[in-house]
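K.L.:
Quick one: the structure is below, and I'll ask about it shortly.
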Amino acid sequence: ETEPLTSKKDVSDCKEGEDCKENGLLVRNPKSALRLVEDGNKVHPSQGDKGEAAQISNGYSGVQSSVPCNGMGEVEDAQCTAPAATTTTTTTTSTTCGAEGQQQLMELEDRETWSKKIDFLLSVIGYAVDLGNVWRFPYICYQNGGGAFLIPYTIMAIFGGIPLFYMELALGQYHRNGCISIWRKICPIFKGIGFAICIIDLYIASYYNTIMAWAFYYLVSSFTAELPWTSCTNPWNTGNCTNYFSKDNVSWSLYSISPAEEFYTRHVLQVHRSNGLDDLGGISWQLTLCLLLIFTIVYFSIWKGVKTSGKVVWVTATFPYIILSILLVRGATLPGAWRGVLYYVKPDWQKLLATEVWVDAAAQIFFSLGPGFGVLLAYASYNKFHNNCYQDALVTSTVNCVTSFVSGFVIFTVLGYMAEMRNEDVSEVAKDTGPSLLFITYAEAIANMPASTFFAIIFFLMLLTLGLDSTFAGLEGVITGVLDEFPHVWSKRRELFVLGLIIVCFLGSLATLTFGGAYVVKLFEEYATGPAVLTVVFLEAVAVAWFYGITQFCNDVKEMLGFTPGWYWRVCWVAISPIFLLFVTCSFLSNPPELRLFDYNYPYWTTVVGYCIGTSSVICIPIYMAYRLIVTPGTLKERILKSITPETATEIPFGDIRMNAV
C-alpha cells in the first residue's frame, strides 16, 4: 500500500528553498517544491502535466510510513529521530487502516475513467438538457414577461446555478467518489445527504420514464399514412370532438375538444377510466410494454459503466440538436410563425417587479442545470484528476441555457401557426402547460403540416433521446453512490446490481401506468422532488463552504487545475448560492402549488401525501446525524468534532504514486 521513494539528495540543514524535518514529519518549505526522484530519473509528469519535472504543489505534508494507525483510520503522532548532520528524506503515502484503507486502494486501482473527454461533456449536456428544456422553459418565459424574463434568468444562472454546478463537478473530480461515500472525505455527519439523493433519484425514475413511455407510444402510433390524432372518427372519440383543420366549416363551442386532446387523454392515458387519485383504475398494458422496452434500453446502456453509456450519448445527446434545427427551420417557414415569436420574446418590463418572476427564474435555472441529484458528482468522479472541470462547467451550463432559449422558438413558431389557423390569439393556443404542450398542442400542429408523418416521427424520437440520457445520468448517480459505499459487496457485481435497480424502478412505476397514472406523475413532479432537492443542495452547499471550509475547497481546486478560484466564486459558494437556495425553498413552501390536471382538482389530502413523499427522502439527513453522534465515542463536544472532521484522506494521483491529502 505504500512505496517509499528515496531521494538521493542529502539535506544537512533547513536552508531556503529546501525541505526540512520537524518532529518526524517532512515539512514543506513554502518557497520550495519537493522533487521526487527515482533511481536518478525524474518522475514522469502526472495527468495533464507536460513539464520536464513533476512537482508536488499541494503543500501537504508527506507522512513517514512508520507512523502507526489508531484503529479509527486516523494517523497518530509519532516521535521519530534522525541524525542531525545528514538526513536522508523518505517520502511515502500515508496509510489508512483497516477496511477503509482497502476500500480507498480499491477505488483508486479499479476506478474506470471516461474513454474520451467528449464522452464526459456529452453525458453532462445530455443530462442537463432534458424534456423540461422543451416544455418548461418556453412556458415559464412567456408567462413571466417574455424577453424581460431573460434578465432574472441570467442573473440567477450567474450567481446561483453555475457556481453550484461548478462546485459539484469539482467535488466529484477531486474526491473521486459517489454521493454517499464522498462525505467521509468532506464532513461525515452530512452523509445522510447521499442517502437522500439516492431516494430522490429513485422517485424521479418512477415517473420520469413513464413520460418517455407516452412519447414512445406516440412514436409507434406515428408510423401510419394518416396520424391517428387528426380525425374524430376513431373509437375513442366523443361527440364533442371538433377538428379545427377540417375543410368543412366548423363552429367551436365551449364543450368542443380537439382530436389531439382526445387521443392523449382518452386513448393514451385513458384518464376517463379513473376517478382520481383515490381510484386509479387498472394498468394500461400498452404503456407497460412501452416502459418495459425503455428500461431494457436503459439497462444495456449503463450496465457496464461509463465506458458504454459514454458511447450511447453520442447519439442521445446530439440527435436532439439535429431535430431541433430541422423543426426550427420548418416552424419559421409556417404562416403566422412571427406571431408566436413576438409573443415569446416581447418584453413586459413590469413583470420584473413581481417576486414570483424571480422565484420562477431561480427554480428554472436550478432544475435545468440539475445540481443535487448526485449525477454531477458521479460523472465527474470518472474524470482524470487534472481535467479542467472549470471550463467544463462553463461550457455545459452555457449550452444548456442556450438550448432552453432556442427550444422556445421551436415551440412558439408552431404555436403562432396554430393561432393563425384557428384565428385566435397566441395566448389561447399556449394555455397548455407541461407535457400537454408537447402531446396535445405541438402534436396537433405537426399533424396538420405537410409531411406530418415524418415530422411526428422525428419529434417523438427527439423526446425519447432527450429523456434517455437524463435517465442514464439519474441512475448512474445511484449506482456510483452505492458501489462506492459498498465496494466489497457490489464492485464486481455491477451488472447484477444495475439489473436489480432497474427492476425496482419498473415496479415503482406501476402506479404511473394506471388509468389515473397522469395524476400520480403530476403529484410526484411537484412534491416528491422539488422541495427535497432544494433542501439537499442547500445543506450540501453549507457543508462544503462552512464545515469543510471554503479555503480547503479552493486548495483542492488549485491542486487539480493549477489555479485558485477567484473571489467571485468564493462569495457565491459561501453566501450567494446558499441564500439563492434558501430563497427558492422558502418561496415554494410558503406558497405550495394548487394542483389541477385536465378537469381534476387535487383534494387537500394529496398535498399532505406529497409533502410526506418529499420528506421521506430528506429525513435521512437528521436520522444519520443522530446515528452518527450516538455511535461516536467520547463527550458530546468530542463527538461533534469527530463527526465534522473528514475520516479519510483523499489520495492525489502523482504519476504512479498516490499522495494523501491530510
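Glycine residues also receive a Cβ, built from the backbone N, Cα and C atoms like all the rest.
This is the feature table in TrEMBL:
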BINDING   G126, A128, V129, N133, S368, N400, L466, D469, S470  Na(+) binding site
DISULFID  C232-C241  disulfide bond
DOMAIN    42-66  domain 'Sodium:neurotransmitter symporter serotonin N-terminal'
TRANSMEM  120-138  transmembrane segment
TRANSMEM  150-171  transmembrane segment
TRANSMEM  192-220  transmembrane segment
TRANSMEM  283-300  transmembrane segment
TRANSMEM  312-338  transmembrane segment
TRANSMEM  358-382  transmembrane segment
TRANSMEM  394-419  transmembrane segment
TRANSMEM  439-464  transmembrane segment
TRANSMEM  496-521  transmembrane segment
TRANSMEM  527-550  transmembrane segment
TRANSMEM  571-590  transmembrane segment
TRANSMEM  602-627  transmembrane segment
K.L.:
Hey, how far is C232 (disulfide bond) from L466 (Na(+) binding site), Cα to Cα, in Å?
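P.N.:
With distance taken Cα to Cα, L466 (Na(+) binding site) is 31 Å from C232 (disulfide bond).
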K.L.:
How many other Cβ atoms are found within 10 Å of the Cβ atom of L466 (Na(+) binding site), counting all protein chains shown?
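P.N.:
L466 (Na(+) binding site) is surrounded by 26 other Cβ atoms within 10 Å.
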K.L.:
Among all the protein chains here, how many other CB atoms are within 10 A of the CB of V129 (Na(+) binding site)?
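P.N.:
For V129 (Na(+) binding site), the 10 Å Cβ neighbour count is 27.
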K.L.:
Give me the long-range Cβ neighbours of C241 (disulfide bond): same chain, 6+ apart, Cβ under 8 Å, in sequence order.
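P.N.:
C232, S256, I257, S258, P259, E262 - these are the non-local Cβ neighbours of C241 (disulfide bond), listed in sequence order.
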K.L.:
Ranking 120-138, 283-300, 439-464, 527-550, 571-590 by the number of C-beta pairs under 8 Å to the transmembrane segment (496-521), which range is first?
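P.N.:
Most contacts with the transmembrane segment (496-521): 283-300.
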K.L.:
Could you say which of the binding-site residues S368, S470 has its Cβ with the most other Cβ atoms inside 10 Å?
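P.N.:
Ranked by Cβ atoms within 10 Å, first place goes to S470.
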K.L.:
Taking the Cβ of C232 (disulfide bond) as the centre, count every other Cβ atom within 10 Å, in any protein chain shown.
P.N.:
16
K.L.:
Taking the recorded Na(+) site as G126, A128, V129, N133, S368, N400, L466, D469, S470, identify the other residues of that chain whose CB atom sits within 8 Å of the mean position of the site's CB atoms, giving them in sequence order.
P.N.:
I125, Y127, D130, G132, G370, T403
K.L.:
Please report the number of other Cβ atoms within 10 Å of the Cβ of G126 (Na(+) binding site).
P.N.:
27
K.L.:
In the same chain, which residue numbers or ranges, 6 or more beyond the ends of the transmembrane segment (439-464), come under 8 angstroms Cβ to Cβ?
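P.N.:
Result: 131, 134, 212, 214-216, 218-219, 222-225, 227, 229-230, 244-245, 258-261, 263-264, 268, 294, 319-320, 323-324, 326-327, 330, 334, 411, 414-415, 417-418, 421, 429-430, 432.
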K.L.:
Take the C-beta pairs under 8 A between the transmembrane segment (571-590) and each of 150-171, 312-338, 394-419, 602-627. Which stretch has the highest count?
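P.N.:
Selected stretch: 150-171, with the most Cβ pairs under 8 Å.
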K.L.:
Between the transmembrane segment (120-138) and the transmembrane segment (358-382), are there at least three Cβ pairs closer than 8 Å, leaving out pairs fewer than 6 positions apart?
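P.N.:
Yes, the transmembrane segment (120-138) contacts the transmembrane segment (358-382).
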K.L.:
Any chance the transmembrane segment (192-220) and the transmembrane segment (394-419) have 3 or more Cβ pairs under 8 A, given the pairs are 6 or more apart in sequence?
P.N.:
no
K.L.:
Apart from its near flanks, which chain residues at least 6 from the ends of the transmembrane segment (150-171) lie with a Cβ under 8 angstroms of it?
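P.N.:
Residues 141, 144, 182, 186, 352, 357-358, 361-362, 364-366, 368-369, 371-372, 376-377, 380, 389-390, 392-394, 396-397, 401, 405, 537, 541, 544, 553, 556-557, 560, 569, 572-573, 576-577, 580-581 contact the transmembrane segment (150-171) from elsewhere in the chain.
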